[in-house]
Amino acid sequence: MATLRSLLLAALLWVPAEALSCYGDSGQPVDWFVVYKLPAHSGSRDTPKGLTYKYMDQNSDGWQDGVGYINSSEGAVGRSLQPLYRKNSSQLAFLLYNDQPPKSSSARDSTGHGHTKGVLLLDQEGGFWLVHSVPRFPPPASSGAYTWPPNAQTFGQTLLCVSLPFTQFARIGKQLTYTYPLVYDHKLEGFFAQKLPDLETVIKNQHVLHEPWNSSVILTSQAGATFQSFAKFGKFGDDLYSGWLAEALGTNLQVQFWQNSPGILPSNCSGAYQVLDVTQTGFPGPSRLTFSATEDHSKWCVAPQGPWACVGDMNRNKAETHRGGGTVCTQLPSFWKAFQSLVKDWKPCIEGS
């Protein structure tokens, strides 16, 4: 009887584990979200400089003000990454990669690897892919806590999180053999290493060895939304956007990227589709918040007439034509509308380009 009573009590006290997925600003699981960390100058006087952000997910109907600040573990990014820093993470697998890894990690900056930043966090049911533009982020699992790096406060940044079934991570693994990320922290053991051999390859600093030097795959989210990943290896030898993406999507593109680096590629109208460098971004609403591309480290692009929009980790400059990297695109109407509304100005093509 005592044993039965104990079992009943245990059943009453048992709480099922939270599903591993992206978590939104609402504190609830979401299929996907985008966080746009705003440049430091854009905050009001009574808010911390460089920590405010805009947010959207499948339920938000466009951009909203972020809940709290980007350095909070209660917001979408911090809450989604919490499982990484918990002590009971034995049933998880993860990869943290960044061409500019956190200074607390043993990895060094590397131009030999791809210009690519992201997080894979999963269990045997599924998890999420966080594609972002943030240097020195996130902290390694051993740090024990989510933090936002001080170096990433000044400029704008983008983070796209997509919740995915386990089956999709083999496809992501294939893509990472093209982008050739610098992995600075990982855990891929037993079941995960067996089922995801391409991720094991990536952890061992290996990459694709033969043509083609680019790859695209369809990814289906936990809720059935369709995303398309585009990945290129350094030997592709061309700009991601004008050399491949515009033609692959069959559309003109307006591209936001970091324009303070050397060798910036000008707007390109030499092909069937125009690829135009965005120079000014602005959010809708009474504040009329606008900022220059020189204040914005984010990487995204949008088809001016629809239906595509993409968030990734590559710039348009000469050096990155010879580095791996990629972007994740979708035709979700709300996603496209949100990014299309941001473009306020761009550089026209000069004659002959």
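Cβ coordinates are placed from backbone N, Cα and C, and glycine is handled just like the others.
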According to Swiss-Prot, the disulfide-paired cysteine of Cys349 among Cys22, Cys161, Cys269: Cys269
Cα-Cα distance linking Cys161 (disulfide bond) and Cys310 (disulfide bond), given in Å to the nearest integer: 12
Count of other CB atoms lying within 10 Å of the CB belonging to Asn214 (N-linked glycosylation site): 21
Cβ neighbours of Asn71 (N-linked glycosylation site) where a neighbour is any other Cβ within 10 Å: 18
Position of peak Cβ density within 10 Å, selected from the disulfide-bonded residues Cys269, Cys329: Cys329
Protein Cβ atoms within 10 Å of Cys349 (disulfide bond), excluding its own: 16
